[in-house]
Every structure is written in structure tokens, then in C-alpha cells.
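These features come from TrEMBL:
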type	residues	note
ACT_SITE	339	active site, phosphocysteine intermediate
BINDING	276, 277, 339, 340, 341, 342, 343, 344, 345	substrate binding site
DOMAIN	127-503	domain 'Myotubularin phosphatase'
DOMAIN	308-352	domain 'Tyrosine specific protein phosphatases'
REGION	548-628	region 'Disordered'
């Protein structure tokens, strides 16, 4: 379709192309330019909705909303052309719910199965082998004398949404494991997800018990007793129910609920109050409505942001992770975390708590391992929550998006503790919804094995590692992480911010902001390029037989503060040389005389280019020879201590650095 308009501040004419995988808008080049215009590529699977609006005087508007929060407005001059584009987009097999009711939509139609980055089979396999969860548990210190690897779920018969390899207390026999799984929702019995080796405390996860109002299970009670005995530093286990207490009570009527402390004598129960997937979905919708409306007043915007409740939900997740961290690292207690089914709020709290406790997860490689362990392998329902096959819209919820935002909030509080920048988080979020790589396809590991993703698709982690330099955080300090291995974030309200680059990263109508991070990265890149160019020039000189000129001796180091203070020729700093204070030459003269120096006249300190000068005056061009040494030392000290030049105008200091 020719002559489309992309109304961002001002209309941008261009051409719209629809390929098998992308919707592409190419801006028309100006008459004075021979270069091609900017291109906007939108993956089909990023498209969440398409809306055709009423015909206007400028054409027929078409609004496309994407899962990565991009919103694109097209104005197509002819209504017939607009209808053709609209109809073509409607025929995308995984775009709309009513289409999936008529036709079966399969995973094989997703982009990951046709994407080819020109890698051979060996390179693809190496990409999938980048993350090894067995090695990760060995890094934690398990198996050990208290925890063992069990093969009870080798064939996914005990729990089809758990991975094959699971770690349980060494005293937990197979009958106990099987009995506990039958008493837990979806068969998700308590298993180890993180081991804090310093205090032998464990973080375990599961789903809610099927206790109802009075039911109990001896095997499940034995399982929790085994978790408690595996930690000799504590006599009890915290059980964290991440749901609001009212929700858990309501589930009792359906035969589910939470653990009865009368039956589990070795537990301490704690509700943390994170809302369910439906509340989170509605909250995000309200947030996007508020932030996407340009005509709101400041008061309406703030009221809308508050009423969405989004940042309150983020705070609730961080609060839960902090409680988990303090229980494990502070009290040395083991903690069992669950929600309803153990794959949404449980994943959020366990992964974020592990991130707070372990500096390894705050590196680029470690963060990949964390996602692979707590989200992918333990069965977070990415297919349902991210709407991969356009199934039930009530199952869609921004659970993983919330986790990424919680991590971003932490990077804002602790910029030295994270190896990666926010662009790393944004890139992960982009590809969770793109379905370009196989890592996040499906709802659990069993489905992924049935789809043969390792043989038919490529791994996102290999791509991100190849682009690692683009995601490095210049403020990261490994030494700081060693000194502060456990993070203790503040949850005061002013620490929670709106993540502009997540929800408005594609909005070109907003005034561009200078990015300190990008500026620093650009400077580093320019520095590396300069060093490479210098090395190339030196090599070229050697080829030509020219030896670069080098000084025989290294330059003397600058004097220390003690050396400067002990120098006999250095007069004391006049008290009047304070920022904004006029120069009192008589006071300078008096102080010099008191230190046994020769008498100095006004002209000896009138000023040079490195001194403070009064506006309208000029520095004396000549000095008496007998004051040369004193002047040079004194001016040098001023230049080191006060590099700013200050001029005075009507008694007011004006700094011109």
C-alpha cells in the first residue's frame, strides 16, 4: 500500500509492506535526499490488536497495538486500501481468538520454527548447551549430605509441569514424594529451588495444598518435616503463601486452601498478599490507558497512575522477596513458597529473592540461569500468559513483565550491583513475546521436549551472549558485589518509578531525553576505537621503520596533599578566596607576612588566567622577578583546588566552568 501516513508529531508518508513474518513500514525519502527512509519492522506475533477507525478527511485510520507496548497509527488515504490491509492482518492465524475457534493453531506456525540465523546444527546445539541447570545446583552446593537429586519425575508421571531433575531432602522417600504430590494442586509437591550454602537454608516451592477445611496428608506433613530437618540452623520452616489471605480462604471452599498449623507443627505461616493474574491484567490495562492518553492534565495523570495500582503490585512483589531474603540470610531459616498453582507468584518471589541473595544472578550469564531455573524449567505458563497461540484471554497476564520491572527497580537502587543494563531486560521482554526463539515457547518442559525445540529452533541465550557488549552496565562493580552480596532494597514509595523505557520506548512523539547510560557507553566505545586507531598507527609506523618518540623517564607524580602543605614556599590560602567572596588584597598580604614571607604588594596577587578575577579587571601581565616562585606555586595550588572560574557581577557569583 503506497502513501501511508504514520502520525508521530507530524505525518510521515511511506509504504506499507506485509510479508510472511513482518509488517514493514518504509518512510518515503525526501525530494532532496537520495537515502532510503527509516524502516519500522513489526513481527506478526507482536501484534496484539488491530482497529480500523472511522473515515476522516485525511484518510482511514488504522491503529495497531503490540504486545511489547508499541502503538502505531496509520492513516491510509483510500478506505478500500485500508480495508484490504485490515483484512490481511485479520487472517494472521494466531492474532485473534475467534480465528482459533475455527481453525487449530499449532506451535509450528510460530516464527521460531522458520527463523534461520544461518547457524549449523552444531552451533545451534552449543547455543542450547549454554545453560546447564545441573551445574547451577552444583554451584549452590547440592547434592550434599542433606539434599539429593531424585529421579521420581523422570517420565513426568508424578508432575507433568515440573522438570525431570528435582532436588528433595535426603530423608524424603519416594512414597513420601508421591503422597505429597497427590495432596498438592497440579501435583506440584515441595522441591528445592535455591540453596543458601552459608547457612544451609533452603528456598523450596510448591502449589497450594488440597486441604479444604479439615483434610490432611501425612506424607505432605512428612515432606515439610524433612525440609525442616535438612537445616540444622533452624527448628522451623517458614511457609509463605503469596496470596492475599481472603483469596486463600475462598479457595478452601473449593477443597484447596493453605496449610493448617495444627497439623504442621514445625511451620510458621506468613501471607504476603500479591494479587492474582486477573487483577494484574486489569492493572496493566489501566496503566496503559493512562500513560497512552496525551490530553490528560497532571492531576488526572497522577490520579490515573495511582488508581491503576501497578506500582503497588510491584512493591508487593519486592516486599515478599525481601521477607524471603531476610528469613534465609538473616534468620537462617528455610522457606517454602507457594501461591495457588505455584507457577506465577511463586516464580516471582523465588527468583527475585534469589537475585537479592546471590550476586551471581545479577550478572548477565547468571540472570539467564535464573530465568531458566525458576521460570522456564519450573513451568511458568509462557504460552498462556503471553498469548502465544491466542488461547483463552482470561489466562493472559503480565506476570513475567512484572518480574522484569522489579529487577529494573532494583537496578535503579543498586546501579553498581548489576552487570547488565535495562536494555538487557528490554531485549528479553521483546523476545518473550516475539516467539523468534524457542526458549519461552510452551507452558512447561514436557511440551518443549515434545516440540523438539532444541533441534528445531534456536536459543535466545546464545544470541544475547553474542551481543553482550551492548547490554553491559558501565556502573557495575564486582568489588561492590563482593562487599554487599545480599541486597537490602528500600520499599519507601519514592523509590518506585514509572519505567518509561519499557512502556514508551517506541514513542517518538515524546521529547527525547539524554541518557547518561548511553552517553557513557558511547564514550567507552569512542575510547576503544581511539585505542584501536592508535595501535594501528603505531603498527604502521613500525612497518615504515619509524620509531615512535617516547620519553626516557616517566613523568613525576603530582605532589601529595601532605607534600603541598609542607612546602615552605606555599602561603596559606586566604580566607577571602571563598566562592563568591571579593578578594581582599590586604588580607592576603597580612597572611603572607605572618608566615615569614617577603612583603607582597597588590600587584603580586592581582590574578592570572587560573585565578579568580573580578569582572572588568585584567591580570597583571608582568611580575616582579623576586615574586615569581611564590606566584607560580600559589597559582598552581589554586588551579588544582578550584578549577572553576568565578566572576562577580554586582556582588553575585556566576560560575562559568
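Cβ coordinates are placed from backbone N, Cα and C, and glycine is handled just like the others.
For residue 343 (substrate binding site), applying a Cβ distance below 8 Å and a minimum sequence separation of six or more within one chain yields 161, 188, 207, 378, 379, 380, 381. Counting residues of the domain 'Tyrosine specific protein phosphatases' (308-352) by DSSP class, helix then strand then coil, yields 30 helix, 5 strand, 10 coil. Taking the mean position of the Cβ atoms of 276, 277, 339, 340, 341, 342, 343, 344, 345 as the substrate site, the remaining residues of that chain whose Cβ falls within 8 Å of it are 207, 242, 243, 346. DSSP assigns residue 276 (substrate binding site) to coil, not to a helix or a strand. Mean model confidence of the domain 'Tyrosine specific protein phosphatases' (308-352) amounts to 97 (pLDDT, 0 to 100 scale). Taking all protein chains in view, 27 other C-beta atoms sit within 10 angstroms of the C-beta of residue 339 (active site, phosphocysteine intermediate). The binding-site residues in question are 276, 341, 345, and the one with the fewest Cβ neighbours inside 10 Å is 276. Distance between Cα atoms for residue 276 (substrate binding site) and residue 339 (active site, phosphocysteine intermediate): 9 Å, as a whole number.
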